[in-house]
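S.K.: Got a structure here, written out as structure tokens. Questions coming.
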Amino acid sequence: MYHIPDVLSTDQVAEFTRQLAQAEWVDGRVTVGSQGAAVKQNQQIDTRTPLYARLQAAVLDMLRGHPQFFSAALPRTISAPLFNRYGPGETYGFHVDGAVRQNGEAGWMRTDLSATLFLCDPESYEGGELVIEDTYGQHRVKLPAGHLVLYPASSLHCVTPVTRGVRQASFLWIQSMVRDDKQRAMLYDLDRTIQSLKARFGDGEEVLSLLNMYHNLLRQWTEV
């Protein structure tokens, strides 16, 4: 699980908030199967509206230009982002995301990673935590507006009931060029180490050796 900060700037978050106030919202169960529908109580932006098209394009632009997101996800395909909101009493019980999903005209994609981009500051609502279960236990996530959490789509997860205010977010899925979570995590850690060493010492012989190792591993594990 990775915390990706500052996907949106403060000004961009404010603009999203302004536009979300004008959105047309529908029952969030329209995008899930029977298992998810039984535990899902929220609202989503109507994907047939021009406003939705603008907002999802803006999120995609921000993600494609964010180096840390690219390093952590190694995206081959990013789904069209969706937008949800939870008011008082609304929640989404524990569930697992589908292994594959239809991604518009692009066709089917495998869901290796799930991502939630928070669009409200945590002080503006109570409850509404994203709870993610993995082999190390439960992780409760409630990030600042404009920050994103990235986690394996195979994880059981839920959104706890909102008790005050409104929680708004964008959510999406990624098919990675590297399918295996452990391999992808190793590449991410190696890339972060390389970037840190480059910042301190420049492109020395040791850094170039690590960079060579990174690309050889990427070449071995990538599916394109």
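The backbone N, Cα and C atoms fix where each Cβ goes, and this holds for glycine too.
Feature annotation from Swiss-Prot assigns domain 'Fe2OG dioxygenase' to 77-176. Residues or ranges marked as Fe cation binding site in Swiss-Prot: HIS95, ASP97, HIS157. Residues annotated as 2-oxoglutarate binding site in Swiss-Prot: ARG167.
Just tell me what is around each of these and how deep it sits.
M.R.: DSSP assigns ASP97 (Fe cation binding site) to coil in the three-state reduction, placing it in neither a helix nor a strand. Residues near ASP97 (Fe cation binding site) in space but far in sequence (CB under 8 A, at least 6 apart, same chain), listed by position: THR111, SER114, ALA153, TRP173.
For ARG167 (2-oxoglutarate binding site), the count of additional Cβ atoms within 10 Å of its Cβ stands at 25 [all protein chains shown].
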S.K.: Including all protein chains shown, what's the count of other C-beta atoms within 10 A of the C-beta of HIS157 (Fe cation binding site)?
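M.R.: By my count, 23.
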S.K.: If you measure HIS95 (Fe cation binding site) to ARG167 (2-oxoglutarate binding site) at Cα, how many Å is it?
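M.R.: Cα of HIS95 (Fe cation binding site) to Cα of ARG167 (2-oxoglutarate binding site) measures 19 Å after rounding.
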S.K.: Please report the Cα separation of HIS157 (Fe cation binding site) and ARG167 (2-oxoglutarate binding site) in Å, rounded to an integer.
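M.R.: That separation, Cα to Cα, works out to 17 Å.
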